């Protein structure tokens, strides 16, 4: 058992080394493939790449790029940790105000800019290529947070009955919103359509009154800001009460023009940096980008404010905005949209809602009587979800989100940006990973921002890219180490000045004669330059790289490599050594040209503690038996030999009982063991003692059985224990045997007679029963002869009619 366990542990250790070494080389292969000429290029090759700045690190023939490798590989090649450049990314929080804990109705009155809902607010991330930096973002929806609500209403003729209900909206909505916030402001705007054909009639009469019959309507307009945001509900009722319905020709309305102006005209509308709600109320569809061509308008909407005297003045000049343009402006200005539309257009505006983040759709009754409840429900729906968005990322930078929402709900990828079913006062957390996949061309810093949609607060992140090593800033220009000042010595290597080449910048590009220099790259009595394994540059061989980055050429003439050593079991150096210059350097306890010979004698150890049972030598972990009769892993098997018991029984018989074939020569041939007599078989030694033991049972010349044990101790001394009294079988008793045989014959005869008699009785009974059955089935009279036939035959003439 000990031998098996030790062997298992040995091979486990070797396997672990090979796996670790394989992974180290695999990780380093990306670093080597980068062919980095400087430390900066090296650290951009991958997060596990390091640069060895030790001056004498490179072997002859190795290129400068060999300084760049996996950290473990560099250490195994002899580069001290203090000489490995391996800068790591980092994060630093610059502004980290705690989120505000404030209840509605609290005595303290805070300005909106003093309320914090997102944490942290500002941080710096130092990014190394391929190494993600992670930080945690906390969001808490503050209670009693100020709200600005702007009511944008369609004043086309079909909304006439709705206007009557909206006239009292100001004070009624104020009362309802006081349950949510103590700081609420409301504004009002209206829209109809572009003031050109074919959207409206441009006849003078229709421009004065677009309605038919005796209806008194106001002139058509595109968008009008009736009331900027105010906290006076009565003023809302007063100004809205003075509004009149207008009219247009086509069914879709110009609401997108109005939404764009409300979003971008922040000063005129009076938006604060608080929750901004835009209620869009209509009973019709909408025009969008491209529809302006019907009126000869082809210029795209410029997304700028064009309000004069609170009227949109460029509707005839710019086309309707596109949906994407609206999404951009609404997001930039943190406006959350509530579409209050009639049942007929629910499907259209629900599709629009899916395209506009942080928007909601409510069903407006035919006369807008339910508008207050619609606004409250939509606000609760919008405030129950937080969605993070980020500004445009620099080239090569990626970002990922993981959300930790209420009730243990976690999500990643796109769903990791948002949390739903949040009540006011709930706190959620996001884990954000930022990764740089490449360095900017100039290495300049970049800034990105992350914010919840519909909120003005944001996290500002300054990205600083690690594209150079610290040792590069410590470089020595015109260093003597670079052939008398022909280059800058930095990070353990020379960066040559313009016009100089070579590892130490020892050659000039103008003076180099390739034919003269080639002579320095040939071995004696050889015509091959750099052994055909490299290039001659400036009189020195720079060995070429192989497709497999784990295989390396080296040496002054690139004559060495680490992959052409002897192999065993398909592995270089049998996996038990390192190939250096085509020769295996074996690990301890291994030898041979392929390190396939183990010096460990454990596999040769026999169960008696002897190596090869004392019958051979242990070579490479295998027994080489010196006695050709023996074989087996420990020379324990002899196919042609007698067994231990048969081999020694004659000598034991003569010494213990003074008989047998060797009785006459016993004193000469049988004194090689120590003999002990015991009374019975129970007194013989039992298995479990240290020395190997054989239990034997043999016959002597008198056909008696005698019992003995044979063992050999560690000193080679044989010991025999023998039972002093043989077991001799007694002779047979003749009379019982004869009597038994006779009785058996008689009994067998009687049994056979009985069986025959029984079978005959059964046969007779069956025959009698058969006869009785046939007798009962007979159908003739027992007084007649069944074979009798009469001699008289009667024939009837068929023509006879009886006359």
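Cβ atoms here come from the backbone N, Cα and C positions, even for glycine.
Per TrEMBL, these features apply:
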SIGNAL    1-24  signal peptide
DOMAIN    30-80  domain 'PSI'
DISULFID  31-469  disulfide bond
DOMAIN    38-469  domain 'Integrin beta subunit VWA'
DISULFID  39-49  disulfide bond
DISULFID  42-79  disulfide bond
DISULFID  52-68  disulfide bond
DISULFID  211-217  disulfide bond
DISULFID  265-305  disulfide bond
DISULFID  496-505  disulfide bond
DISULFID  507-521  disulfide bond
DISULFID  579-584  disulfide bond
DISULFID  581-612  disulfide bond
DISULFID  586-595  disulfide bond
DOMAIN    645-733  domain 'Integrin beta subunit tail'
DISULFID  651-728  disulfide bond
TRANSMEM  734-756  transmembrane segment
DOMAIN    757-803  domain 'Integrin beta subunit cytoplasmic'
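Annotated features, which come from TrEMBL, shown on the structure.
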residue: 49; record: disulfide bond; Cβ within 10 Å: 29
residue: 68; record: disulfide bond; Cβ within 10 Å: 28
residue: 79; record: disulfide bond; Cβ within 10 Å: 21
residue: 211; record: disulfide bond; Cβ within 10 Å: 16
residue: 265; record: disulfide bond; Cβ within 10 Å: 22
residue: 507; record: disulfide bond; Cβ within 10 Å: 21
residue: 521; record: disulfide bond; Cβ within 10 Å: 23
residue: 579; record: disulfide bond; Cβ within 10 Å: 22
residue: 584; record: disulfide bond; Cβ within 10 Å: 24
residue: 595; record: disulfide bond; Cβ within 10 Å: 26
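Under 8 Å, Cβ to Cβ, and six or more positions away along its own chain, residue 217 (disulfide bond) finds 157, 209, 210, 211, 244, 245, 246, 247. Close to residue 305 (disulfide bond) in the fold, though at least 6 residues off in sequence, lie 261, 264, 265, 268, each with a CB less than 8 Å from its CB. Look at the disulfide-bonded residues 42, 496, 612, 651, 728 and count other Cβ atoms within 10 Å of each Cβ; 728 has the fewest. Mean model confidence of the domain 'Integrin beta subunit cytoplasmic' (757-803) amounts to 78 (pLDDT, 0 to 100 scale).
Reported as a whole number, the C-alpha separation between residue 68 (disulfide bond) and residue 42 (disulfide bond) equals 6 Å.
If you compare Cα positions, residue 507 (disulfide bond) sits closest to 39 out of the disulfide-bonded residues 39, 49, 469, 579. Between the disulfide-bonded residues 52, 581, 52 has the most other Cβ atoms inside 10 Å of its own Cβ, all protein chains included. Cα to Cα, residue 651 (disulfide bond) and residue 595 (disulfide bond) are separated by 49 Å. Between the alpha carbons (Cα) of residue 52 (disulfide bond) and residue 79 (disulfide bond) lies a span of roughly 6 Å.
Taking the C-alpha atom of residue 42 (disulfide bond) as reference, the shortest distance to any of the disulfide-bonded residues 496, 579, 581, 584 belongs to 496.
When the domain 'PSI' (30-80) is classified with DSSP, helix, strand and coil residues number 19 helix, 7 strand, 25 coil. When the disulfide-bonded residues 505, 521, 728 are compared by Cα distance to residue 581 (disulfide bond), the shortest distance belongs to 521. Listed in sequence order, the disulfide-bonded residues from 469, 584, 586, 595, 612, 728 having a Cα within 10 Å of the Cα of residue 39 (disulfide bond) are 469.
Looking at residue 505 (disulfide bond) and residue 521 (disulfide bond), their Cα atoms lie 17 Å from each other.
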